[in-house]
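Straight from Swiss-Prot, the features:
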type: TOPO_DOM; residues: 1-11; note: topological domain 'Mitochondrial matrix'
type: TRANSMEM; residues: 12-40; note: transmembrane segment
type: BINDING; residues: 40, 45, 441; note: Na(+) binding site
type: TOPO_DOM; residues: 41-50; note: topological domain 'Mitochondrial intermembrane'
type: TRANSMEM; residues: 51-86; note: transmembrane segment
type: BINDING; residues: 61, 378; note: Fe(II)-heme a binding site
type: TOPO_DOM; residues: 87-94; note: topological domain 'Mitochondrial matrix'
type: TRANSMEM; residues: 95-117; note: transmembrane segment
type: TOPO_DOM; residues: 118-140; note: topological domain 'Mitochondrial intermembrane'
type: TRANSMEM; residues: 141-170; note: transmembrane segment
type: TOPO_DOM; residues: 171-182; note: topological domain 'Mitochondrial matrix'
type: TRANSMEM; residues: 183-212; note: transmembrane segment
type: TOPO_DOM; residues: 213-227; note: topological domain 'Mitochondrial intermembrane'
type: TRANSMEM; residues: 228-261; note: transmembrane segment
type: BINDING; residues: 240, 290, 291; note: Cu cation binding site
type: BINDING; residues: 244; note: O2 binding site
type: TOPO_DOM; residues: 262-269; note: topological domain 'Mitochondrial matrix'
type: TRANSMEM; residues: 270-286; note: transmembrane segment
type: TOPO_DOM; residues: 287-298; note: topological domain 'Mitochondrial intermembrane'
type: TRANSMEM; residues: 299-327; note: transmembrane segment
type: TOPO_DOM; residues: 328-335; note: topological domain 'Mitochondrial matrix'
type: TRANSMEM; residues: 336-357; note: transmembrane segment
type: TOPO_DOM; residues: 358-370; note: topological domain 'Mitochondrial intermembrane'
type: BINDING; residues: 368, 369; note: Mg(2+) binding site
type: TRANSMEM; residues: 371-400; note: transmembrane segment
type: BINDING; residues: 376; note: heme a3 binding site
type: TOPO_DOM; residues: 401-406; note: topological domain 'Mitochondrial matrix'
type: TRANSMEM; residues: 407-433; note: transmembrane segment
type: TOPO_DOM; residues: 434-446; note: topological domain 'Mitochondrial intermembrane'
type: TRANSMEM; residues: 447-478; note: transmembrane segment
type: TOPO_DOM; residues: 479-515; note: topological domain 'Mitochondrial matrix'
């Protein structure tokens, strides 16, 4: 029974729960790695050893957080749980493939951990650029294991993407039109398209790297007519859409949370929100070389990538102001989920503004590979993606479990986390402007103050993570059941109660629209 339910599961809710648990566990590992990084940088001098081990930790931190925490929770967890419920489908289109998508991740994670354990580890950064990732600078199996790990995670995501696209296009009941599809469903659909188009390019790039390392090909080796810059183009053609993949489902969740706790029946500018997400998805594919302003591109090429990158700020701004407009005139309920959503809007916007700064190719020459970039992408990921996950988690926790979290603890948790992440990452802007480079385990004494403050912030965030574990335990132990849910007419996922039965929408739903 246990094996049939959890190992051979074909139920979207159970698979979503597995993704959630796996993502939470990986998040603990990633948090531990980030604490190691900040402990090393907390004061000048060496803590862990040389830069190789430091860069192994940094690389593992990036891969764990991206491929094993944010993506499994947002797309695998929330996506699996909510998409079928929101569109009134009985399950995903391919339930067994759904299960395989999940079970490819633990072996992938195992390979990544193995890569750190053998030889000297993969100290390449998450970009895995040759020649540093080649078989001279990184002899041994570490980078090869990392490549195989990425292959498995990539296959998992591609299969998941096919599943979501098929489900969303084909499994809506006739009563739901395209324009009644909830924004979270739209966001997952667009995310799935991005995954489907970008991951094969990454697979090609890392496969060529694998053959360069092991079969003496010279795709990225000038000695045989190859070019390491080709790898950078292939990687970033995946890598830039990837960062939008990480944030788009968050946009969808924030839209639902802001609408719900503003007491509105729909978000402001529904069509504009859909257009904005589609625009971001499209533009995300044509800006990749802004990660490569320092490799010596022509001035006209740099001008194009600068302006194209700045254009993305327009649909993003549409979303931010639509969220604010959704709240306007509403009866706002200051629930923990709403606090996360407001924190998201504020901090994501700050991250977006530093992104606009970095999009200027001339400025980026100076800021590239400094802590300014680290601060920028942690504002959009550590305070964008993670805040969206937290907001979604506390909002839908009653749906997933049938129990309610303690509101007071949840608000305290938000406050600690908010202080922690800002104290960690805001000073890094100053470090970057002062020229402190990334990916070094030590630094000149002049940078000590901001690094010490940053490291203190990371320990505050750690406290918040531990408190969240306590909060979940408290909720599951107290067993406060959900009494009633408001606004179910526009929030279809709640209509079956909390938690919903194992099978939902076994016959096609008819959704009566009031307008």
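Backbone N, Cα and C atoms are what each Cβ position is placed from, and that goes for glycine too.
Known features from Swiss-Prot, placed on the structure.
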{"residue": "45", "record": "Na(+) binding site", "DSSP (3 states)": "coil"}
{"residue": "61", "record": "Fe(II)-heme a binding site", "DSSP (3 states)": "helix"}
{"residue": "240", "record": "Cu cation binding site", "DSSP (3 states)": "helix"}
{"residue": "290", "record": "Cu cation binding site", "DSSP (3 states)": "helix"}
{"residue": "368", "record": "Mg(2+) binding site", "DSSP (3 states)": "coil"}
{"residue": "376", "record": "heme a3 binding site", "DSSP (3 states)": "helix"}
{"residue": "441", "record": "Na(+) binding site", "DSSP (3 states)": "coil"}
Residue among binding-site residues 61, 291, 368 with Cα closest to the Cα of residue 441 (Na(+) binding site):
61
Have a look at the binding-site residues 240, 290, 378 and say which one has the shortest Cα distance to residue 368 (Mg(2+) binding site).
290
May I ask you to check whether the transmembrane segment (336-357) and the transmembrane segment (407-433) make contact, with contact taken as at least three Cβ pairs under 8 Å and only pairs 6 or more apart in sequence counted?
yes
So how many of the residues in the topological domain 'Mitochondrial intermembrane' (213-227) end up helix, strand or coil by DSSP?
5 helix, 0 strand, 10 coil
Folded-back contacts onto the transmembrane segment (95-117), same chain, C-beta under 8 angstroms, at least six residues removed:
7-12, 15, 18-19, 22, 26, 56, 60, 63-64, 67-68, 72, 76, 80, 141-146, 148-150, 152-153, 155-157, 159-160, 162-163
Considering the transmembrane segment (228-261), which listed stretch of 12-40, 141-170, 299-327, 371-400 counts the most C-beta pairs under 8 Å:
371-400
Need a quick answer: max count of Cβ pairs under 8 Å to the transmembrane segment (371-400), which of 12-40, 141-170, 183-212, 299-327 is it?
12-40
Could you check which of the binding-site residues (45, 291, 369) sits closest to the residue listed as 'O2 binding site', going Cα to Cα?
291
Where else in the chain does the topological domain 'Mitochondrial matrix' (401-406) make close Cβ contacts, counting only residues six or more beyond its ends and a cut-off under 8 Å?
336, 394, 471-472, 474-476, 478-482, 498-499
Could you give me the DSSP helix, strand and coil counts for the topological domain 'Mitochondrial intermembrane' (118-140)?
0 helix, 0 strand, 23 coil
